[in-house]
Ligand SMILES: *Cc1c(COP(=O)(O)O)cnc(C)c1O
């Protein structure tokens with residue numbers, strides 16, 4: 001046990017060793033105080049897209065500090081926010097016309113929920129229920145926890161969480177159950193919005209589902225006049241092989257949340273985009289219809305400048321081709337685990353791969369996750385399994401040998417945990 005004055009996130013300090021300090025980052029690596037280079041195979045909790053300290057983004061940040069710090073974002077605007085908003089509208093699926101800035105993924109979802117409720121409130125329609133998907137994750141604030149899967153992570157806070165309507169996860173072959181459940185909720189007439197992570201549920205265990213499900217959700221929502229909120233906080237910026245995951249299904253949500261890769265992962269920033277319909281429902285000479293939301297650091301100009309630089313990187317550095325290449329590399333490695341009885345559910349979507357280690361005690365609290373973390377750490381890798389789910393979500397700059405190292409480590413660690421080779 002190591003007493004720590006810093007209370008680290010998702011960390012049981014009674015069980016963890018003293019954390020080493022990271023002294024610098026570069027590309028796919030973290031460098032610790034002893035000079036060890038650690039391969040960041042999970043993009044530092046899914047935020048780093050191109051690689052750590054991308055020179056174009058770092059330069060944009062330095063340049064922005066010559067002109068700006070934080071500026072109040074009511075009464076005044078600034079160029080980095082305006083350029084970023086224009087770039088975002090061009091980058092997301094069509095139909096999203098307005099951008100509301102905030103500072104984290106959780107906040108972007110809170111904003112989305114408030115936009116949805118405000119939309120119906122301002123139109124004097126009584127719709128105030130939210131449909132969510134089983135195993136969903138939308139953040140750690142009270143509001144987003146309410147919309148996420150209930151479990152050991154939020155049991156203590158359950159008295160503060162509001163009720164939502166949950167549809168089952170669309171397991172392969174059982175998709176119709178999910179859609180039927182959705183339709184039953186929609187028929188009540190009380191559903192304001194359906195909030196979901198398109199195509200892959202991240203924190204819920206990298207669970208993937210077919211684009212057709214998203215298409216059908218969109219169709220049902222249209223029929224019953226419900227809004228669709230796509231939480232693309234994790235799936236955005238190329239992770240699933242397209243810039244946004246909704247593109248796989250050719251679907252435009254009414255509201256889209258983005259954060260993690262928005263600045264390439266360099267600085268905290270988030271945006272919630274919405275349709276003109278939603279914006280217009282808040283546009284009125286009646287001040288009570290104002291969208292009442294703000295945070296102190298809304299649209300921080302330095303973070304926005306990093307976001308603009310990220311868009312430049314996307315435009316000029318062949319990011320899409322790199323993502324395809326990374327997907328292909330995964331495709332070469334992954335088959336070795338496909339008929340391996342140590343694993344099940346071997347899956348890939350774009351740059352993300354996941355596989356379930358066949359242990360009997362699954363679930364987050366099982367010891368297997370922390371044990372694997374330590375074994376990966378000893379092999380110079382940052383990999384944090386979700387219970388028995390091992391996944392890789394590397395920055396796009398990762399090289400072929402680096403990726404091979406990660407796959408070899410998964411093979412080795414699995415054998416150690418299970419006490420047997422393949
Ligand atoms: C990480 C995540 C969030 C929360 O983002 P924070 O920046 O950690 O608040 C919300 N939704 C999804 C899908 C996420 O993966």
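Cβ atoms here come from the backbone N, Cα and C positions, even for glycine.
Keep in mind that TrEMBL annotations are predicted by a computer and have not been checked by a curator.
These numbers come from a predicted model, not from an experiment.
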Check: Which residue of 165, 231, 356 does TrEMBL report at the same pyridoxal 5'-phosphate site as 105, 106, 295, 296?
Finding: 231
Note to self: Suppose a student reads TrEMBL and sees 137, 260, 294, 384 listed for substrate. Which of 45, 314 should they find annotated at that same site?
What the structure shows: 45
Margin query: How many Å separate the two farthest-apart Cα atoms among the substrate-binding residues 45, 137, 260, 294, 384?
Written below: 33
Check: Looking only at 106, 294, 295, 296, the binding-site residues on record, which one has the least crowded Cβ, with the fewest other Cβ atoms within 10 Å?
Finding: 296
Next item on the list: Please classify the secondary structure at residue 45 (substrate binding site) using three-state DSSP.
Entry: helix
Next item on the list: Would you mind reading off the Cα separation of residue 294 (substrate binding site) from residue 106 (pyridoxal 5'-phosphate binding site), to the nearest angstrom?
Entry: 14
Margin query: Just to be sure I understand the contacts, which binding-site residues have a Cβ under 6 angstroms from any atom of ligand 1? Candidates are 105, 106, 231, 296.
Written below: 105, 106, 231
Notebook entry, point to check: binding-site residues 45, 137, 260, 384: which have a Cα within 10 Å of residue 231 (pyridoxal 5'-phosphate binding site)?
Noted result: 137
